[in-house]
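What TrEMBL records for A:84-156 is domain 'Cyanate lyase C-terminal'. Among the features that TrEMBL reports, active site is placed at A:97, A:100, A:123.
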């Protein structure tokens with residue numbers, strides 16, 4: 001019953017991300033420029049390139065053309081990713097501060113959503129985000145804007 | 001050497017928070033109304049009432065007057081709190097979605113901050129936040145705006 | 001500056017749950033009977049009584065009447081609860097088996113949702129559930145039916 | 001005593017899963033189509049292909065024929081798998097929502113099983129599940145139906 | 001809306017366990033003697049007294065009579081307990097050794113069950129256990145005998 | 001000081017286990033048959049083959065002959081293994097149920113050992129175990145018998 | 001069915017430990033002196049007073065006389081304790097250093113035991129320990145001597 | 001800017017440990033014999049060979065000569081190692097028992113050090129250890145002797 | 001055998017800390033002023049008042065006089081504390097930043113100590129620390145100076 | 001759609017660190033000497049070489065020249081690193097003692113910062129550190145000096 005066998009290798013999201021990062025370093029483009037080339041926002045574009053969002057077929061094709069990716073990469077970019085993110089609070093200071101903010105202000109955000117909308121949540125699925133630089137005399141500021149659909153709980 | 005003794009009880013932040021919540025339920029005021037009465041934003045007001053931010057002396061006095069708090073409460077409100085927040089990702093759906101957002105988009109926010117500003121972070125100390133309701137034909141949306149000072153790393 | 005003070009006690013969800021459980025044991029009613037009396041499903045009724053769902057005002061009033069709860073309890077039942085559930089897999093065999101099911105079949109459910117709907121999720125907010133007993137010659141079976149709205153991811 | 005040696009490589013469940021996924025991408029078949037070809041349900045078929053259920057010999061042979069797997073793969077598919085699933089709550093939103101549901105409603109399901117059956121559990125071994133799409137004017141819904149044999153505790 | 005209220009106290013499993021332990025110390029009976037008085041095995045009797053198994057009504061009545069428990073205790077003894085046991089490996093040497101045994105021999109037991117029965121498990125619900133002392137010239141030995149129904153996995 | 005070097009590879013327990021499993025699949029022998037061939041019990045044989053027990057020299061030689069292992073493998077089989085087992089409760093249902101049993105009945109076993117023997121433990125070192133199939137009209141049962149030397153605590 | 005009830009309070013190990021510590025502070029005795037008064041070693045005496053070892057009846061009686069404990073305390077001191085110790089490495093520097101030692105030298109101790117004795121362990125049950133002060137010109141040293149019976153693994 | 005590059009490989013502690021273990025198995029020497037050949041104790045010798053202690057230059061040279069190690073290995077043996085040891089309590093029974101001992105007797109050791117020396121610790125840096133076999137009619141015993149410098153806390 | 005009993009209450013470190021904090025708030029003194037009154041540094045004084053360092057008898061007496069503590073408090077202040085500190089990284093931003101610093105720069109500090117001193121550590125027992133405010137045109141800076149005795153590892 | 005593909009390899013921070021360490025061992029330079037050659041402090045230089053700080057372009061070029069690194073390495077050295085550090089307290093004694101210090105003195109440092117500055121923190125971003133050897137008759141001491149900008153919390 002013993003026979004020799006070979007396990008097929010499929011192109012993975014990690015492979016596609018490595019191709020994109022390598023092409024980006026070679027080209028010298030920024031994420032903003034890549035996003036503009038495919039007509040999407042920088043936040044969503046970076047996230048989808050990192051494998052945290054699926055791409056519509058036409059956007060996957062645009063990205064493949066801009067970054068010089070092989071044909072199979074578009075299939076991979078269109079698949080539903082399994083989103084694995086840091087369950088432990090990350091140690092990188094830039095990311096840690098975000099957790100500190102939602103840790104400190106989480107109950108506040110919840111209380112104000114309930115006050116303004118009723119018993120429910122802000123969706124993280126029907127959601128978008130923008131990041132911008134705001135000039136300020138005492139030092140420029142980072143601005144993050146999030147927007148998500150309100151979803152009310154069901155009673156039955 | 002053995003003598004009878006009594007351990008003094010000091011008013012704590014938890015005590016003051018309980019007084020505020022009780023007065024709020026009795027008065028029927030919302031957090032927005034309380035915030036307006038002391039001339040601060042609802043996010044900061046709720047957070048300080050929950051014991052996650054220290055109050056300037058005049059704001060502590062204003063709050064004590066609005067909510068009918070005893071004198072010692074203003075001292076407590078002015079003290080630097082020890083901010084203890086959920087290290088484990090919270091299970092409440094409304095708060096969990098916030099962690100999901102910073103978990104999924106944390107590396108994206110970091111990459112775009114570095115692209116726009118250089119090597120550094122958005123401060124969670126010199127920081128402010130606003131929450132609003134945005135009307136939308138397919139269902140109203142929650143909007144969260146954060147703004148923090150950019151801090152660049154030091155070389156020496 | 002030191003004055004004597006008293007921390008007010010507010011009726012909590014735990015208090016209301018204890019009142020309901022005590023009244024239930026005294027009355028001998030089942031959860032099905034209680035649910036029927038307030039015109040809601042047994043799953044939702046039990047969950048709301050345990051403090052895991054907020055009640056609409058009329059249902060809170062109905063429950064208060066059926067179980068003989070004091071006036072303030074209706075206010076508590078209407079508030080948005082902070083849903084704290086077992087982050088560690090629970091050890092009780094009846095609850096553990098549910099985690100075993102979603103642990104073993106979670107990737108399967110995800111794959112089939114993506115196949116049938118596209119990139120998105122089943123909502124746990126716009127959601128309902130029913131539990132029934134199904135007779136079977138080799139031993140009766142427990143049937144659990146869940147239904148949640150499909151939510152597709154946003155691109156922007 | 002020192003001699004050269006070679007460690008034999010055996011085909012593993014991971015190897016077989018990779019073969020199936022590769023053949024599936026090449027063929028363009030869905031899980032529903034594969035399931036139909038071997039005469040089993042989509043949930044059980046996907047789960048067994050992922051290595052979370054053992055296959056009866058005839059079904060393993062059917063699958064090998066449909067997906068073009070080598071002979072040794074059928075042996076592997078028939079073996080009892082060691083079911084390793086996510087002990088930490090998974091971060092992927094589609095799977096997370098399932099844990100949120102059993103976390104929030106676990107005590108409710110337990111209470112209603114005890115009310116309807118007595119002291120016991122729903123088996124996760126003598127168990128089956130179905131997933132379907134339900135049309136709905138406000139947005140289609142995901143339906144998950146589980147059924148497991150009731151097992152009562154022993155006294156001795 | 002504010003009224004004074006009192007939270008009712010219900011007799012809990014912990015209360016009943018404390019009553020049993022106190023009566024046991026006062027009476028000087030062993031667990032073996034108590035078990036014999038109610039006509040059940042010592043393992044099951046101890047476990048049910050500790051709140052880890054529900055008692056049939058007649059056994060709860062027997063125990064109440066033997067140990068002098070109040071009427072409400074029988075209701076509590078008959079309820080389905082929520083079985084909470086040590087998720088972390090316990091540090092007590094006598095209990096730790098049991099975990100060491102199932103840790104070291106767990107994969108062996110699994111392999112031999114699969115070899116003797118097929119793909120399935122030994123039930124921990126339809127289950128019983130006996131403990132005895134075996135005389136031995138080099139030092140007496142503890143014997144533990146477990147027996148559980150074999151449950152085979154379902155395919156569908 | 002920089003020179004080229006080569007790190008020597010030693011045959012490990014994992015290597016020997018892989019050799020045994022491969023030879024077992026090729027030969028079609030069961031664990032019971034292998035155990036019988038070397039004159040030991042199936043539990044101990046499987047455990048030692050998995051690297052969780054050291055083999056006496058003559059048994060290592062017997063096993064090497066039965067399974068066709070190279071000479072160096074006997075040296076490895078005779079070495080004291082470092083027993084690394086699952087500290088987290090395993091998720092495989094067949095192994096999980098064993099942890100559930102020692103979790104639920106651990107305090108009971110401890111209490112009855114103390115009642116029968118005094119203050120001490122059942123050794124997991126001077127220990128043996130047997131697994132058998134017991135026919136039963138309502139479904140066959142798995143029987144596990146453990147026996148370990150009683151060790152009393154020292155006072156000094 | 002509802003009746004008023006009272007939960008009996010039994011003297012616990014924690015109660016007895018508190019009595020001993022209070023009597024010790026009042027008397028000014030050291031642990032060495034207490035140990036000498038009951039004719040046992042200081043290590044064992046402290047450990048038993050802390051509730052980590054059971055006392056033989058005559059030693060419990062001696063201790064009760066020396067420290068002025070009530071009658072019921074001797075019963076408690078003779079019971080088999082449930083030994084709960086720090087699973088996480090303790091942070092106190094004096095105790096932490098002990099974990100550092102067994103962490104760093106654990107594999108060394110194992111290797112040398114196997115070299116000197118064969119495949120087995122040093123018992124922590126048939127065990128004793130002594131602590132002494134050794135004068136040294138560069139600073140006195142702490143000496144800890146442990147001795148435990150060698151237990152060899154069983155084959156069957 | 002893209003050029004081909006090669007990452008240099010440096011000899012690591014793991015490499016040197018593998019060389020020593022391989023030479024030891026080939027030579028048949030025990031740790032005691034190796035230690036004697038380099039004029040150090042067996043405990044320290046094993047620990048340094050495992051990479052948990054740095055070697056003085058002359059001892060590194062001695063060991064290299066005895067075990068036939070290449071020149072670069074002496075450099076590695078002299079470097080300060082990063083001591084990484086098991087933070088979780090290890091599951092191997094021989095090492096586990098050591099943790100059980102310091103877990104159970106840690107507070108006792110601390111109390112007796114404070115009684116004999118004052119507020120301070122036993123150093124794990126200025127430290128040594130010896131292991132020996134002690135004959136005993138009821139079974140030989142393992143003896144472990146530790147000695148560390150007493151360090152008193154500073155006040156300033 | 002059953003008698004009524006009373007568990008004696010001893011003054012604890014937590015009690016003394018509460019007395020100090022209450023007296024401090026009443027007096028309006030700062031930690032710097034208290035430290036000056038007892039002739040010690042602010043760091044050590046605060047730490048000892050929090051129960052993380054033992055006080056020499058004369059300093060305990062000084063503190064008792066300055067803060068108006070009862071006699072028994074001096075006994076407590078002189079005892080060796082069990083230092084329990086946050087094993088999890090604390091969430092308070094002011095304390096978290098310290099962990100971030102030792103997390104990021106820990107390997108650097110280790111490398112430079114080894115380069116300057118040899119194989120060893122900076123003692124945390126024979127240790128002192130000072131904190132000061134340094135004026136700076138771009139914003140004042142916090143300065144923390146630590147000093148600990150170098151301890152070299154022992155070979156034997 | 002299936003085509004052969006190759007995943008591009010980019011030079012990583014780990015690669016550059018390995019190049020630096022290899023060149024350092026070959027050259028025999030210390031970190032102090034390397035730091036001096038590029039005109040920066042030893043702490044910052046080591047940290048940046050380990051990949052925990054980004055280098056300004058001119059310093060990256062200096063380092064590449066001093067250590068003989070390839071061109072692409074300077075690009076890597078200038079990128080913003082993701083700072084991943086030990087979330088669990090490290091076990092190496094030299095690093096552990098640093099955590100012990102911030103664990104024991106963290107609340108003290110917080111209290112004194114608040115006393116000297118107000119409600120805020122010491123920045124770990126606008127931060128520098130120096131390490132030096134201080135001669136002392138009873139044994140030389142390690143001195144660590146940290147300095148970070150004070151950041152006060154925002155109210156809004």
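Residue numbers in this text run from 1 along the chain shown.
Note that Cβ sites are derived from N, Cα and C of the backbone, with glycine treated the same way.
When the domain 'Cyanate lyase C-terminal' (A:84-156) is classified with DSSP, helix, strand and coil residues number 25 helix, 27 strand, 21 coil. Summarised as a single figure, the pLDDT of the domain 'Cyanate lyase C-terminal' (A:84-156) averages 94. Between the alpha carbons (Cα) of residue A:123 (active site) and residue A:100 (active site) lies a span of roughly 20 Å. The number of other Cβ atoms within 10 Å of the Cβ belonging to residue A:123 (active site), over all protein chains shown, comes to 21. Counting every protein chain shown, 24 other Cβ atoms lie within 10 Å of the Cβ of residue A:97 (active site). The number of other Cβ atoms within 10 Å of the Cβ belonging to residue A:100 (active site), over all protein chains shown, comes to 22.
When the C-beta distance to chain C is held to under 8 angstroms, the active-site residues A:97, A:100, A:123 reduce to A:123, listed in sequence order.
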